[in-house]
Structures are given as structure tokens and as C-alpha cells.
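Okay, structure first, notes after.
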């Protein structure tokens, strides 16, 4: 049992969250304290509770977020600051953030910003964009820098909270380490055994005991941090009946300094390894610590702090190892196979020796991964060279590569060739030619990216060559490496981020109790920071409650021949199985079209298709049983990519494209593929279904954006009227569109299983990613007619969207892509066509932007191509083609209150665009292997449901006799601050403080027939409904206010009550007519820097100017802008879903699928909400929810800045003009596009001559 399960299920401490179950997101972070008998002190470590076995915590104290502060008693400063700095939106990641920072402060009350950033390397957030979390916690740092921006205009503000009012940190008030544990920790250790259902856990106390146990149980597994075995047992279904835990054996924890180097016991953690090596580097001569420095550099990027605190040295690249009492050099025989070592079953790893280097020896280590922080390497290598004394002649050289085969590869032929050679250009040429021949990979190699991986071996050697050349120049007083090349030798470094946020001040004279326009904190932020906010799976278990696990298809397209549950029935605790025949109502379902089944019956149409479910007494038992259900298939050929289509095909036309192309000076054709995206909400899909025992009634607690659709489809499956089903949504740990329709596939199955007893199911991360689908991958093909000046005359564009195995919401998504096919540009002649591709993949669905980002991304691709073809700066081409006030869109809607021009000019001004452009050009002239790029991108995003009937909302407002108000509306809270804004609306409408108004939940028995919380329209629609209800109540109270003008709110309410006036009111609102009620506008400018040799990139600067009308809450709106931008940064530069040719998703969970982390924030981030831009079509002149989706596309400025930098790199190789760059612009695509002599040595295999590891969908 893991610590997380113990905390949540045994102790009922639900503050600690489950986000991934593999130590990759940090939501489950807790602090472990123990007396370390070998260090003779108490140590505090942040660890992942989802991996830590309870058995491993003997003599440890565990502190969780529940134990350091509460809203009712006393907040801890760490909890207060993340909340009041607006660093908590959905709040699901917040407890983990709090505990990471809390642990840092327990170890170092005055950390540096580097310390703070390092503490969060193992934590992920999908909502905030990270900036406010760092800003809030900067206040603990030694040097404070709040990024304040001076402005003489009193109507412009840039500070959303006052740090001087924060509770000061007092280290003397922290919880002490229990004295009884201190005494126990000082006693001699003794052997301990724990016996579970299937596993025997033994903790030996001495080395002799360990060796005896290993001899008795030769197949046993040694576990210290459980960072590998825990994942193997959960995700690879491996079972280790005997586990030996040697963490407390003194010999395995020792650190010895010898004449040859430093010897670490095999149970020393990576954190301890780093501390010892840093101390050695500070004290020893530089020439002795080459290896130490290289290892420290690799440790910077190895996993997160939580993993490094428990992972032990044997999991890191090592130089020499000792087992039993013999020593063996680590060479290419050390790993005989994948994840296998040379150790015999009865042998153990005792210690690791890391040697000193000597004069004339140079060592470097490199790692290239998709994401810089906490990521698995694509290619990693260590390179060691020794020169003959006083010369540049190679005496010894050893190169070692990881990621080029199942085991470490040493290119012996290349190394042999280089011995005796001078370290010069000829050696480089010989080495690269030899490596290109020796470091080969089959084109079908697992992991894919074969040309990139092969190129990296050459690129990294080139970096090593230049680095050593630089050192030789210093040591031998040779010619110094010129600056033009020296950037290739620099280690990756990124300055601590700084930021500015600008927004409009409230008008002079606005009441201090009127919170509209003020940056108030998210109403649940404090509860989220203390772990007291209740999410779906935090609801206490009911008596007789059961747990459900899904049985899913392993085939993409097949007939089901039989289902065998025999072995599953033998699993302890199994109660029942649920299949299609058990559904009492209809097995037909679907959010817009009834083209899906609740449970597959005769055929499966994707990997992850839900076939049935197991119900058992615990989640672990249910999951065990589900994994051993055997399904026999008759396989059919799956369709994974574009081949067949749903009907009808969507088209949109304006003008005469044929004539437009005739009138154009030039015609350009091209295409761009935009990959899909996983929602990666931190809280996975969850449902608790509770039968009421009569009339078919059932109560559902669901993490969903669409309570009414859930209610309707559950009722359909159960065969009862909708009025028998109540769906409740307290809050979600993120949604982003992923819980608009796909959450229902889980809710209906859980409801069917819960006919007699309560049933609960929260999907694991890998399950959620497998079954729910994500953003639609798009292929955009275009033909553009343009003038030599850059003015665009005609456009013909075709979209192909991979819809998956059902229609879901794909028609509306493709329609929105067509509505945004021209982005912000006025093209006289336009024709757009959209195809929904039918494939054997899980149905893709709504995702922030809903097709709009894909449509606009294609637009910016052809805009970029035109600029490159014309040889005109891209910002000039974009500016000349922008719409103007009063222009008509391709769907004949006139643009009113059009502010793109105003946003554009402000963005140029705030970003110092022209000065920045000159600096970029100068930088690129001076650097060959590092290039910078700059881009400015506009967005025009339509606000409304394109399905007109959904543009409606309801609200219910109760006033109680004590003056308190209970507000309910049809929207759901997923972190976007909807409830907070609705309270602000009601507060102004009723003229009372926000503190008197409360929102409990969203439920179908209070507001019926609600629209999904989506389309950036929820605050507009629900805000007007709330306002409508409040106006009704004010009219009823008006006579009593007139009678008693000096009375209080409570006086008027009581007078009305005693006069038998109804103090409850429904509100309703709808809008209709045009395609969009209005548009939201924005402009973003970004500057990036790329490493042309590896493809690594960092965003140096981003300025975003966003028109949100008169902001209801600048703190929430800016948080939404930044969060959407970072999600877009993931979409366009990092996040990549890989599918096998058989249709199986290969990237499940944070280990393989990478969302942006703290280290991906722009070094400089400026966000400005456009001032003096009221919107007469929304509540209080705002664009209140229109801030959720539109800013996502602002991250396209980073993509096109990368493309600009690649253009500069290509020019060094004599390449010019348009070139294709698909999205996301990963390190692989960046490197491959920067064509040079190294890429030419590693050409790709011919398509069709091999079966790829992954296919483009």
C-alpha cells in the first residue's frame, strides 16, 4: 500500500491528491522527516506519496498539507501566499505546491530564487501558467524582485496584492520532530517484515542479513526509493513477491573520500550525492572535478526534487561499481540487456566510486530531452578524453551514448580511430563520419525520431569538440575559440523569470464594497491551499460502497468473440462484472449524435473502447481483476490517419477565389500538420453514484463541465426519466473541454453499476488518457494568392480533423476552425473546406479553443510563408493585412468595437519590438550555433456557442432571513473563477458585500437544462442570468428600501419576509442572432533562443495585450491569460501524442507526455489588459469568460519566433524561402529544420520501406 492510499482511504486525509500515480506531477507531495542515523541529524524531504510504500516509513514523521494550517484556525504563510498571490485556480495541484515549498523552508528559511525554482521541478500545474506561484513564493527569498513597472498613468495598476500584509514566516513555530521517533531512530536497527496479500516486505538491518536474504530469495527485488519498482508493479503488471528494503544499512549509506575519488554507498540518495559533489567542487582543484561537475549538471535535470530525495545512486549514470566484495569497471558489458545488469541474482550493489580527473583530462556529459526539466532523455552521453602531456594529441578517448540502443553504446571503432590524432578540424570530420557509420538505428526503433537521434550523436560530439578546444586554448595558450562558435559550448542556463501585469484601475469613487473590477482572490483559494476544498474523490466513502475499474479494448478495430472473467473472479473482493447486457435502459449514447455505445457489445472501434467494468471492495482489487479479464478478438484492419470521412463536409466562401488567384502576382501552396493535445487536467475523471432505493432515483457526484447532459445520458442508460437523476458538481480539478462530453462515458458506466450500492471510480492517469481523447489533430492545406507587396488577395484552405471513432463534437469544432480560418486578416476572396476524418482512435473532443487555434495556426503558416517568399519582415505583412473597423468576415459578420489595431500598437510599444528586432539581428550575426527569433501574432476569437440553442443560462438566488444569499447558476467551477465572478456580479447587483453571498455547487435539481461550461461564454450567459434574478429580487425589496431608507440589508430582507414576499428568484438569459455575440482580441510578441545543434529552445520574452473589455476581476483574467498561454505553449512547442501503427496510444502519463513545467515560463512575461475598451454586449461591459480560450493562441507567437530563428540558422547553410515546420515545434523538428553538415550525414529512411514506431494521425 502506498502512503497516498493510506492517507486518503485509511486516515481520511484527502488534502494530498492523486494526479498520476507515477511521481510525475507532484500533486501528492508530502514531507517526510526522519532521524538519519548515518548523518546524525533530522532530515526533511519532499516525497511523492503515490510512490512511497507505507512499509518504508518506519521511524518517519509524515506531514501533509492538512497538518500545517486550516482556514478556520491558522493559515501557514506558505498556504496564504500561494492563495493571495492568485497562484491557485483549479487548486488540485496546490497542496503539492504548498508542501514542496514548506519542505524547502523547513530546510532553508531564506532560500534563493534558484532554490525555489529547483524545489518545484517535480510539480506540474495546468491552470496558472506558474508565474503567480513563483511570484507569491518570491516573498520568501533573500532578494525580492516583484517585477514592478513604473507608470505615470493613475488609471493603470500593476500590483494585484500587497506582500507587506502577508503573515511573516516564523521557523520557531513549526511542528517539531516527535521525540519518541528521535529516540527510536538512535537505537540499533532491527529486521522488520510486513506481509501483504501478495508481497513480503523485509527490511534487513545489517549487510550480513541482506546478503543472507538475497541468497535465500535470489529473485527478490531491492527497493530503496520505489521510484522504479513501484511504477513497474502498477503500470507493467509485474509482481515481485519478495521485496528487500536495505535503506538503513550503514555500509550502503556511507560516503568515503579516497585518493582515487569519492565512494558512495549504493543507498545514498541523489540529493546526498549532489550535496557531497558540490562540496567537493568548491574545495578541490578544478582539474580534479571534471566528472563531478558533469554529474552535477545532469542532476539539475534528473527527475524532480521529490524523486531525487529518495532515488539512490545506482539509478544514475555511474563510473565504477562494487558488488559483494569485488570491484568491476563499468563498461559496455555492464548492461547485457534492457534494464539488466551484470549482477548475478544473489549479488547486490554495495558502493559506487566516482573518480577524480587529472590534468590533461576533459569530461563532459550531455542530455537532450523533450522538456528540459524532469524528463527522460532522447539521447544522453558521456565523453572523456585524455591528452598527452602538454599537447593536443589524444592519448585516450571514450564516448558512451544512451538512447541509441536498448543498452549503453560505446562506439569503439570511432574511439580507436581518434587515438593519436590532433584535436583539430580533421579529427572532427573523421569523428563525425565514423560516428554516422557506427551509431546507426533501425528506422523502426522504439522511441522513433531516428534521424534526430543519429544527428544528436554528431551534434553532441561537436559540442564536446568545441568545449575541449576552448579548454585547450586556455591550458596550452592556443588561439581562443571565437565568439561566433563559442555559444555551442555554453551549458543551458535560464535566468529567473520576471513579470509585469497591467490592468485598469476602478473608477474614482467606486464603493469599497463593490468588488467588480478589483483583483480579488479566487473564493476557494484558501481552502485549496489548505487541502480542505472538496473534490469528487474527496467525498467520504459511503457504507457498503464499491469501487469500479474499466475493462477496455486492446485492439483498435475488431469483433469481440468472447469474454472470459474466470481468472478475474478469483481476485479477492470482486463483487460483480458489468457488460452491455446488464444495461437496463439504452446502450446507445453520444453528446450530440447517438453514434456511441455505453459499453461495446459486438465490436470495438479503438484501443481503450470500454467493454465492461469490474466492481470490487477496493480500487486495487477492481483494477487487478480488470487486468486479467480475457477478451478474444477477430481483428480487422484499423484506420489511424486520414482515409474516410464523416458527412457532411463543411464549406465557407466569400468572394471569387478563382478570380482572386488570377489577379494575384504570385501563388503559393503549402501545408501544416498540427498535432493533438491531451487535456491533462490534474484531477482525472471521477464519478460517485449513489442509488436512492426508490423510483429509480440516483444521485451522481461528477467532475464534469456538463451536468445536464450527464443527467440526460445517465437517465437514458438506466431507462428512467431525467427527473430521477440528480447530478452535482462541487468543483473540478481542471477541465479545459475534456470534461464537456467525454466525462459521460465514465459516469454512465458507474451509474449502471450502482443500481443497488454506491459505486465510485476515479480513473488513473494512464486510463484517463487512453479512453477520453483530446484535441483534434489537424492537417491544413492551403493555396494563397498575393501581391509582391505582401498583400493577400485570395485564399483556398482545406482542414482535415481527426475526429476518432465517433462524431462527438467534431462538426462544431471544424465549423469553428472555418470561422477562424483567416484569423485577423481581411482577405477579399476566401474558400474554406472542413473534413471530419473517421478513424479507429478514441473520439477526440472539445479542448480550449475548440478548433479555433487550429484554424488560426494554419492562417499564420501561410502568412509566414508569404512573408518569407516576399522577403518582407513578417510583422509588416501581418500588419498590412489586418482587418479594420467595419470590415466583414467570410461569414458576413461586421466587426464592431474592433480593437486589434490598438492591441497591436500597445504590444509593439510595451515589448520595444523595433529595438528588440535590431538586437536579435545583431545577436544572430555574432552567433553561429545559437539563434534568436522574434514574432508578433494577432488573434480574433468569436464568443458564443455556434450551436445557437446552447446560448442560454439560468440562475437561482435565495435570500435567507439573516441576510445571507445562496446563489446557484448553470455553470461549473473548474478553476477559471466562474463562481468568484458570479459572486461579484450578484454583489454589485444586490449592493451587498461578497461575504454575504455563497455558492455551494452546481446541481441539476436547482437549475435545469444547463448548457456546458464551455465556449468562453459561461460568465456572459450565467452572469446575465444571475443579474436577471437579482433584479427581480431588488424589485421585490424596493418598497421596503423606500419605507426605511436608512435601514440595513437585513432590515429590508426581514421586512419583506414578514410581509410574505418571495425571497427566491429564478433568472434566465439568452442571446441569439449572429454567428458570434462579439469577438475577443489580442496580440502577442515573443522572442526565443534556439540551440541549432540540439533543437533546445527557451522563450526569452513574451508580451501579451488582451482585450477583455472592462475586467470583472483582473487577477482572475490575467491568470486565465497566462494559463491559456502556457497551455498553448505546450500545444505549439512541446506536447506530442504518439500512436502506434496499430492505434495504441504510446504516451500515457507524465513520464512520456510532457506538459510545460516551471522552467518553460518566459524569462520576461508582460501581460496587459487593454484599457478603455468597454463591451456593450456583456455583463458590466466585460468580456468575462472570453478570456479563457482566446489567449491560448497567443502562444503561436513563440512558435513563429522559433520559425524565425530557424530561418536565421538555415541562412547560414545557404537556405532561404518558405519551409515547412509542423506543430509542435519540438526539439526534434527544430534540429531537423536547422539543416547543416551533420543532418546531411543522417538522412531519414525512405517512407514505405519500414514500419514506424509511431505514425502521424
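Each Cβ is built from the backbone N, Cα and C atoms, and glycine gets one as well.
What TrEMBL says about this one:
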- 1-68: domain '2Fe-2S ferredoxin-type' (DOMAIN)
- 20, 25, 28, 50: [2Fe-2S] cluster 1 binding site (BINDING)
- 90, 93, 125, 127: [2Fe-2S] cluster 2 binding site (BINDING)
- 194-311: domain 'FAD-binding PCMH-type' (DOMAIN)
- 222, 223, 224, 225, 226, 227, 228, 229, 302, 349, 367: FAD binding site (BINDING)
- 705, 736, 848, 1015: Mo-molybdopterin binding site (BINDING)
- 740, 816, 850, 946: substrate binding site (BINDING)
- 1189: active site, proton acceptor (ACT_SITE)
Compute the C-alpha separation of residue 705 (Mo-molybdopterin binding site) from residue 302 (FAD binding site), stating it in Å without decimals. 36
Among the binding-site residues 25, 127, 222, 1015, which residue has the fewest other Cβ atoms within 10 Å of its own Cβ? 222
What binding-site residues among 25, 50, 127, 222, 850 are found with a C-alpha within 10 angstroms of that of residue 1015 (Mo-molybdopterin binding site)? 850
Round to the nearest Å and give the CA-to-CA distance linking residue 28 ([2Fe-2S] cluster 1 binding site) with residue 228 (FAD binding site). 17
DSSP helix/strand/coil residue counts for the domain '2Fe-2S ferredoxin-type' (1-68): 15 helix, 22 strand, 31 coil
Taking residues 705, 736, 848, 1015, which bind Mo-molybdopterin in the record, the widest Cα spacing (Å, whole number): 13
Looking at the binding-site residues 50, 125, 226, 816, 850, which has the shortest Cα distance to residue 736 (Mo-molybdopterin binding site)? 850
Cα-nearest neighbour of residue 222 (FAD binding site) within the listed recorded positions, 816, 946, 1189: 1189
For residue 90 ([2Fe-2S] cluster 2 binding site), write down the residues of its own chain that are at least 6 apart in sequence and whose Cβ falls under 8 Å from its Cβ; none is a fine answer. 126, 127, 528, 681, 682, 683, 731, 732, 733, 734, 735, 974, 975
How far is it from residue 224 (FAD binding site) to residue 20 ([2Fe-2S] cluster 1 binding site), counting Cα to Cα, in Å? 21
Give me the non-local Cβ neighbours of residue 125 ([2Fe-2S] cluster 2 binding site): same chain, 6+ apart in sequence, Cβ-Cβ under 8 Å, ordered along the sequence. 93, 97, 133, 682
Neighbour count, 10 Å Cβ-Cβ cut-off, for residue 302 (FAD binding site): what number do you get? 23
Take the C-alpha atoms of residue 816 (substrate binding site) and residue 20 ([2Fe-2S] cluster 1 binding site) and report the distance between them in angstrom, rounded. 32
Residue 50 ([2Fe-2S] cluster 1 binding site) and residue 226 (FAD binding site), compared by Cα position, are separated in whole Å by 10
Residue 20 ([2Fe-2S] cluster 1 binding site) sits from residue 226 (FAD binding site) (Cα to Cα, rounded, in Å) at a distance of 15
Whole-number Å distance separating the Cα atoms of residue 20 ([2Fe-2S] cluster 1 binding site) and residue 848 (Mo-molybdopterin binding site) is 22
Could you check which of the binding-site residues 25, 367, 740, 848, 850 is the closest Cα neighbour of the residue listed as 'active site, proton acceptor'? 848
